[in-house]
Amino acid sequence: MVGLGVFARKFFGSAYERRLKALRQKVAQINALEEQFQKLNDTQLCQKTDEFRKRLTEGETVDLLLPEAFATVREAAKRVYDMRPFDVQLIGGMVLHNCGIAEMRTGEGKTLMATLPIYLNALEGKGVHVVTVNDYLARRDAETMGKIFSFLGLTTGVILHDLDSDARRSAYACDITYATNNELGFDYLRDNMAFDRSQMVQRGHHYAIVDEVDSILIDEARTPLIISGPLEDRTDFYNLIDTFIPSLTPEDYEIDEKQKTITFTEVGTEKIEKMLEQAGHLKGKSLYDIENVAIIHHINNALKAHKLFVRDKDYIVRNNEIVIIDEFTGRMMPGRRYSEGLHQALEAKEHVAIQPENQTLASITFQNYFRMYRKLSGMTGTATTEAEEFSNIYDLEVVEIPTNLPIQRRDEDDEIYRTAEEKYRAIVRDIRQAHEKGQPILVGTTSIEKSEQLAERLRKEGITDFRVLNARYHEQEAYIIAQAGVPGALTIATNMAGRGTDIQLGGNVEMRIRQELQDMPEGIERTAKIEEIKKDVKQLKEKALAAGGFYVIATERHESRRIDNQLRGRSGRQGDPGRSKFFLSLQDDLMRIFGSNRMDGMLQKLGLKENEAITHPWINKALEKAQKKVEARNFEIRKNLLKYDDVMNDQRKVIFEQRMEIMNADDLIEMILEMRNEVIEDLVETYIPSETYSEKWDVKALQEEIHHLFNLELPVEEWAKEDGIAEEQILERISNAVTKLENERAERYSPEILAYFHKAVLLETIDTLWREHLVNLDHLRSVVGFRGYAQRDPLNEYKTESFELFQAMLRNLRRIVTSKLMRFEIIQQPTESLIPEQVDGNDSALNDQRKGNDSPLWMQIQENRVVVNPKDRNPKDSTTWGKVGRNERCPCGSEKKYKHCHGAFV
């Protein structure tokens, strides 16, 4: 009996089919306008932009303008590049405009498709950000698609790694801005460390289209963007800890490959304790005493560095530095560093220069950065497998865009061998057969090491005409990948290296023109050469088609089906024939970790001989099931991490909004008065609690605290002896005295200098306390997981305690700002040369490090501008103290060290 759901789908169509039907109706509207727009001359077509903008100001919406705007871009693309967007590209453009993810097969024209919603949303004048995974793609797309936008009267900018602040500001001011996800995130963080609004470069987060959206919002979701400053140098300590690890044996630790964790056994712990004791670094009797928390952390990092991180797979050593390799793309990520001492442990392991650890100055995850956009959309060739995550976390629906022509690629069943040696013999055999008939081949590997091992095998077998593309040679990446479709081409690539560059059968015409004619000037000769290249590519394509089309060979399955699908999707573009096959062995990581024993037993029962493979759809399904389990686990990890990051994100928003308010304000007196009043109220409530008898009042402590904070000698003890005096009266007298002192100080300076000083103190204090708060949150996050053993929810504990820490930070902020403003003397007016410049931290990728002093530039300048006037010291007047050493006795006469007395607030 047919189920009711099946019957309903047959009668009404699925939700996907209904959505496509609605989009096709819009496509029909756009197509109906085509003839009308073809009749417009270039000037009339360009004037459509001004017309649309005028209609928007008169109340029309971008949704209503969509058919005409898309028709305009389609006609412009035809005139500029002789490329007419297909109907399926119009569908994809509408999905992007409606804040969805367009899953579009490789070679179907995502870059051109994106111009449709980019143009439409840029008409609002609020800026459109097009996000790519690297500088090369950002520059390429800005240059090529920018010609279409320029034809229509829109401006296009591109953010590259080495741009200065002025160039970035200009690029963000354009109608359309192309940039990498890293540059966007770091610019946002730097903007929120600026001293003045004029130093900021971004102008808001209106609409973003994320190319390769799965790579950025899924693969990179757990990686925070961090701007950091160096801490003290501990090179000797890292080297010492590193010497302990080689003497450990497998019985000293346990590795969980599924969870990618490593822990010491009891035997290993005892061994490490003895080593530390001999080296004089063990505090107390046990490694797990509270005093040894930091040492445990460093030892665990050293163990991870040696046993979990593999050279040429997870990182490479280049120019005496550790360079991380992206596990998903195989690309190097220069400048990115592991945090919390792990990178230093790797440097000690490889005996390269150890860079100091860094303190986080500001951070944000891609998850929270991209959720700031009012409108967010994305495009990729593979997103369906992660549809649930896109929906739950980003509220983005994945829509599979139909191909313009039917897919003719043949995806063959996996071949599974007992050992890796047998598998590689079969791969070489298969490569030889396909290579001899001139079929273009792409071989995908999972690491640099494996790509180079395969290359060496091929050389020994007499196959030498091939290109290796991995993190070592990423500079040639785009060109190598672009020509991988030439007949007889054999390319070995790590994972998805070259992603974003189209592999066309016969080769990439545009890439060849750029490469071969880069020095040839415009003219008849160049035009003739271009025609010659086009003719040659056409002939080469026919040869490649005759050889069977593009052949993708995978040497291993990835944990994620999506990465496998990306590799497969390289073949069969735009209706071309092709095939794909995965070669596996029971020694592969995925097979070994997830149930190879069971499969090994099954293969033995089948009597599988050496060099024989088993091929069956059932095995493909079993592997897919294992991959789904891994994907589900990784999704849960990312979702859980986001819950914790959301807590910090809420606090980050408060701090950044407060900073923005301070930067934009011309006069901060009202904010400062509010802070001061809250500090006084807190003081009085602490020492003279409301609704208590005067006998319970600690007026002496209150009097000392007032002197400590405000540099005021007030007779609070005398006031408290007056008959019938209430706490409200004491509060009022303190407030009046502080106000009087403030007014006297304010009269000494011009309003401009005072306002500048107020801003400097507020921003410097906020930034300092926020940095300390981030460290506290990291520490809390690292220990809160253990609360689960006490039947307490770690997330709720984290929320509660992080809120308490945040409240304490805000109280501390009010106290420190109030005290500083009551104690400092301004003796030098700021000059033009001292006006702060934008801080550029462009030296790195995901961990942006400041050079030298870890304070922003304006904070360093401030030390030259705001100083204490040295006179003979009067214990009751801190303005006479001059510079006091941190460990000197405090001049106030308390006999305490300065850093524990008045110096605590200076």
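Every residue number used here counts from 1 along the chain in the order it is shown.
Just so it is clear, glycine is given a Cβ too, placed from its N, Cα and C backbone atoms.
Since we're looking at a predicted model, the values are computed, not measured.
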Given that Swiss-Prot records G107, E108, G109, K110, T111, D502 as binding ATP, the matching residue among Q89, Q483, Q539 is Q89
What whole-number distance in angstrom separates the two most remote CA atoms of the ATP-binding residues Q89, G107, E108, G109, K110, T111, D502?
16
I need the most crowded of these binding-site residues: Q89, T111. Count other C-beta atoms within 10 angstroms of each C-beta and give me the top one.
Q89
Please report the DSSP secondary structure of T111 (ATP binding site), reduced to three states.
helix
Ten-angstrom check, please: count other Cβ atoms within 10 Å of the Cβ of C892 (Zn(2+) binding site), all chains counted.
21
Round to a whole number and give the Cα-to-Cα distance in Å for the pair C890 (Zn(2+) binding site) and G109 (ATP binding site).
71
So if I measure Cβ to Cβ from D502 (ATP binding site) and keep only same-chain residues at least 6 apart in sequence, which ones fall under 8 Å?
T106, G107, A482, N508, R573
If you take the centroid of the Cβ atoms of Q89, G107, E108, G109, K110, T111, D502, the listed ATP site, which other residues of that chain have their Cβ within 8 Å of it?
M104, T106, L112, M113
